[in-house]
Amino acid sequence: MREKTFLESFSRHRLGVIGCVGVALILLAGVVGPFFVPFQKGYGEAMPLAGPSAENFLGTDALGLDLFSEIIWGARTSILISASAVLVAMFIGIPLGLVSGYSRGKIGALIDSAIEITMTIPTLPLMILISALVGPSVRTVAVVIGVFAWPTLARIVRNSTLKVSQMQYIEAAKVLGISKGSIMFKHILLNIAGPVLVDITLIMATAVLTESSLSYLGLGDPNVWSWGGILQTAFKAGHHFRAWWLVIFPAASIMLYVIFFNLLGIGINETLNPKSRK
Amino acid sequence: MSRYITLRLAKGILTFFIAVTITFLIVRLMPGDPTTALISDSLSPEDALVLKESFGLDKPLYQQYFLFIRNLLKGDLGYSFFYKDSVASIIGNKLWWTLLLMGSSLFVTLLIGIPLGVISAKHQGKLLDQAINVAVVIGVSIFVPLLAFLLLYSFSFRLMWTPIGGAYSPGIDSSQMFGSVVSHMILPCATLVITYLASTVLYMRNSMLDVLKEDYVRTAKAKGVNDRKVTWSHALRNALIPTVTVTGLMIGKMVAGAVLTETVFSWPGVGTMIYDAVQKQDFPLLQGAFLVLAASVVVMTLITDLVVAWLDPRIKL
């Protein structure tokens with residue numbers, strides 16, 4: 001019997017498909033949406049703090065601006081920041097994980113300790129300190145999140161590398177005299193792409209939680225709309241008890257983003273390793 | 001001291017040392033003048049000069065580093081712009097509230113999570129498994145300020161069962177203090193428990209399932225020890241080892257949850273202080289908060305290591 005392709009198996013994973021569709025919708029909203037929705041500045045013409053209505057169907061904020069377009073632009077910010085954070089995390093985590101898993105020995109032990117120590121340090125207060133010092137901007141937040149998101153990725157790359165590097169084809173590559181770098185970054189990396197992809201989707205999810213937390217604390221870029229920033233404004237002005245829409249819609253956007261990316265990650269993971277599905 | 005404790009202690013000290021070094025480097029290697037970050041514009045030029053000298057900002061970097069560490073060892077964390085007081089004494093008053101909140105939440109999470117994990121391991125079934133998995137996905141996806149707000153809105157604002165914020169009612173005497181703190185802590189504590197419970201149940205369940213497959217469990221059953229005793233005394237102790245280890249790793253993340261929770265409930269701990277310090281751009285206070293929280297996490301991780309050692313007969317204390 002023909003073996004099922006990845007897509008065929010994935011399409012049977014109900015939660016994974018829900019996640020995939022959700023992620024696609026969020027990407028659509030954040031990447032394409034802003035071309036159709038105006039970027040708002042200053043004061044709006046609508047009635048301030050008005051609940052959902054026909055014109056502003058998610059309501060308006062304290063400045064009379066339309067919440068729906070703020071949320072669409074917030075999606076763009078979240079995607080931009082989490083994707084950049086993932087790139088930063090990959091840039092640090094993948095080489096460190098590969099080297100740690102492939103060379104083992106002293107360098108491996110050193111990288112392992114670095115992973116463990118970075119995971120122990122309470123990173124949110126540190127990210128708060130850095131963002132406050134550098135001054136909040138999309139770039140700062142993305143880099144800061146990525147710089148502290150690498151340990152989980154490095155650990156997964158390391159563990160997968162440990163497994164793969166005992167395979168015969170790696171032995172064969174060594175015998176053939178292929179360079180260490182080429183074995184690690186070509187032969188091993190391609191074979192651990194699955195777990196790396198899973199962790200990337202999970203980092204996308206946690207990055208948005210962190211980004212929202214930072215902007216909720218008042219460390220978001222003041223020049224862009226962000227879901228956490230909308231919450232920050234509402235809480236700071238004390239509107240959160242009167243205007244529920246200013247809390248529920250941005251917070252729901254954050255949680256849907258996180259849940260969809262997590263489900264996508266779980267779907268990919270369980271399709272790749274059917275055994276982990278217990 | 002045994003090798004295990006020495007190693008763990010060394011790792012803890014190293015972790016804190018690295019946190020200190022990162023902090024030192026960030027503040028000084030930032031683009032621009034470090035004095036603007038450490039010394040407020042609102043200070044008089046004379047005071048600014050005194051502070052500048054106390055930080056050693058006119059000396060080379062390595063001397064500043066030694067000075068920084070010496071000050072830390074003396075318990076000197078700098079001077080807050082906004083409160084016009086030493087950072088150490090401000091945080092000293094707030095830290096206990098944060099530790100109280102985190103400690104109680106951790107305790108309640110384990111108190112509920114461990115038995116739930118054991119029970120769910122004993123009653124395996126598709127529906128239960130799915131329920132746990134869904135709960136875990138929701139748990140890791142929770143945006144803490146939202147959960148905190150929903151609890152506050154429903155129980156304090158609408159139902160008026162619990163106080164609206166703070167840690168105790170003003171103007172009460174010491175005999176009513178305990179009850180007042182407990183009633184104020186219910187919702188912040190519930191926020192953290194809900195966030196971390198599902199993961200604890202999952203870890204406990206998985207490690208219990210592993211342990212129940214072990215030979216000694218079968219031996220005990222074969223000897224005629226009743227099932228309940230095998231589960232709750234023989235297997236539980238061994239299944240706790242990985243759970244406690246993972247809990248130790250969770251503490252660093254829990255700090256983030258506590259910081260966010262505190263801000264919603266105006267809990268008078270380090271988290272609310274961080275929020276205010278961000279609004280006031282009080283960098284020395286933010287730096288002190290990170291260092292103190294890092295030290296607390298290191299100490300709490302050490303405690304979980306000791307618990308692991310106590311549970312695991314293979315580790316000699």
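Cβ from N, Cα, C; glycine included.
Here TrEMBL flags A:75-265 as domain 'ABC transmembrane type-1'.
Annotation comment: TrEMBL describes A:15-37 (among others) as transmembrane segment.
What TrEMBL lists as transmembrane segment is A:79-102 (among others). Here the transmembrane segment (A:79-102) has Cβ contacts under 8 Å with residues 26-27, 30-31, 108, 111-112, 114-115, 138-139, 141-143, 145-147, 149-162, 165, 180, 183-185, 188-189, 196, 200, 203-205, 207-208, 211 of the same chain, all six or more residues outside its ends.
Away from its own ends, the transmembrane segment (A:188-209) comes close to residues 78, 81-83, 85-86, 89-90, 94, 98, 101-102, 145-146, 149, 152-153, 156-157, 160-161, 164-165, 167, 170, 254, 257-259, 261-262, 264-265, 268-269, 272 of its chain (Cβ-Cβ under 8 Å, at least six residues beyond either end). Annotation comment: TrEMBL describes A:188-209 (among others) as transmembrane segment.
Under 8 Å from some Cβ of the transmembrane segment (A:243-268) lie the Cβ atoms of residues 10, 13, 15-20, 22-23, 26, 49, 51-52, 58-59, 61-62, 67, 70-71, 74-75, 78, 194, 197-199, 201-202, 204-206, 208-209, 212, 227-228, 230-231, 233-235, all in the same chain and six or more residues away from its ends. The transmembrane segment feature in TrEMBL is assigned to A:243-268 (among others).
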